[in-house]
Amino acid sequence: MEKFVITGGRPLEGEVSISGAKNSVVAIIPAAILVDGQCTIENIPDISDVKILINILRDLGAEVNFEDKDTLSINSQHINSYTATYDMVKSLRASYYLMGALLGRFKKAEVSLPGGCDFGFRPIDQHIKGFEALGAKVKIDHGIVKLEAERLVGCQIYMDVVSVGATINIMLAAVRAEGLTIIENASKEPHVVDVANFLNAMGANIKGAGTDVIKIKGVSSLAGGTSHSIIPDMIEAGTFMVAAAATRGDVIIKNIIPKHIESLSAKLIEMNVEIQEGGDYVRVIGVDEIEKANIKTLPYPGFPTDLHPPTSVLLCLAKGTSTVTEGIWDSRFQYVDELKRMGAKIKVEGRVAIIEGVEKLSGAPVKATDLRAGAAMVIAGLVAEGDTEVYNINYIDRGYEDLEVKLKRLGAKIIRKE
Ligand code: EPU
């Protein structure tokens, strides 16, 4: 088991380049199952979720090779299995995208229920509703979702909740269905757009991604032969923005789409942090007096739930009392007990964290309870007095490429230890 050891108290300074988006790539690699020929995917982040997905595709019979460090070529022509077993998917929440992709390709799929981060009940009823509307019969048997359709036929689906996963999954199943599928109340997240752009580049006909109505005209096959570059990771970008502000540093976060992270920039400005925005970068200049703020997480373009735990660390250092209301997940507050061990004053009432600003945090052994909670612990360690040990960093490795390497380049004192 590895851990991070962080000596806090150093402002982050310099430039950091953001990698490809985790939540895009974990959908686009399975989407390649729908492509009959070869496709090339650029800007692949080096994270463990990607490694797991590559192994799953190889197990299914695809040819997957790195052309260089961050360019992957996938040829799914010889995939001969529609089954993803528990052993293959147990540590990967996004394995649910295998359902839509395999169903779209084979009209049949058997996929074990997903693993991944645990922050409350994570239903897939909207995914299933979409698959059924397209004509699939869905059964859950001994933890395996079994899907089968004689034909997949386009239809109109109204999503009861705005779901990233269900929107993408239905899109995957619909691209090779017969006729027109319309998804209403769709998720507008940038990675939904990225998946649609990837599929369109391969020959699909998807319009409206990025709005709440997506129209997918089915095509008989996706020829591939082209390449697609993954969008920058807005959550990684946001994590570095918060880390820069919390350490009272001065960091240029490069290779991003600033629009994707506007909800955070606006909040940081409200907190008195200086933000300078360029075409593909944001510069964050920390201040001594951080103002309190109230945040509510919402579907995009609202404040992202995945930045809730990191931002709470910043609010711990603000003047006065702030609140964070979690609007997406039932339970995303496991990080609170860990932060309290470092001197934070946080009370949780239902879905609201009430955060009273403190003078300082003090280093302590803490654990990452999930991916973004792990990022929050690292930021807490960077600002705390003394040493912080962060355990369970395998969660962090799932979604952040070289986090400690990038932080070290910005002047942090952080090492990875067995
Ligand atoms: N929901 C349902 N039924 C469904 C699906 C979702 O009720 O069938 C509910 C969920 O319980 C939740 C809300 O809808 O309350 C939103 O869930 P969504 O489906 O959008 O989440 P997801 O697709 O499972 C993705 C990201 C998460 C991120 C959420 C919200 C991926 C692989 N994961 O999850 O990212 O928190 O969207 O933005 O894209 C992370 O990166 O750390 C992470 C957890």
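Quick reminder: no glycine exception, Cβ is built from N, Cα and C everywhere.
According to TrEMBL, the features are:
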- CYS117: active site, proton donor (ACT_SITE)
- LYS22, ASN23: phosphoenolpyruvate binding site (BINDING)
- ARG93, ARG122, PRO123, ILE124, ASP125, GLN126, ASP306, ILE328: UDP-N-acetyl-alpha-D-glucosamine binding site (BINDING)
- 7-407: domain 'Enolpyruvate transferase' (DOMAIN)
- CYS117: 2-(S-cysteinyl)pyruvic acid O-phosphothioketal (MOD_RES)
With the cut-off set at 10 Å between Cβ atoms, which of these binding-site residues ends up with the most neighbours? Options: ASN23, GLN126.
ASN23
What's the CA to CA span in angstrom from ARG93 (UDP-N-acetyl-alpha-D-glucosamine binding site) over to ASN23 (phosphoenolpyruvate binding site)?
11
Of all the binding-site residues given, ASP125, ASP306, which has the fewest Cβ neighbours within 10 Å once its own Cβ is left out?
ASP125
All chains considered, the count of other Cβ atoms within 10 Å of the Cβ of ARG122 (UDP-N-acetyl-alpha-D-glucosamine binding site) is 15
Among the binding-site residues listed here, LYS22, ARG93, whose Cβ has the fewest other Cβ atoms inside 10 Å?
ARG93
Nearest to LYS22 (phosphoenolpyruvate binding site) by Cα distance: which of the binding-site residues ARG122, GLN126, ASP306 is it?
ASP306
Counting other C-beta atoms within 10 angstroms, the emptiest spot among the binding-site residues ILE124, ILE328 is ILE124
Please give the maximum pairwise Cα distance, in Å and rounded to a whole number, for the UDP-N-acetyl-alpha-D-glucosamine-binding set ARG93, ARG122, PRO123, ILE124, ASP125, GLN126, ASP306, ILE328.
22
Same-chain residues at least 6 apart in sequence whose Cβ lies under 8 Å from PRO123 (UDP-N-acetyl-alpha-D-glucosamine binding site)
none
What does DSSP call ASP125 (UDP-N-acetyl-alpha-D-glucosamine binding site) in the simple three-state scheme?
helix
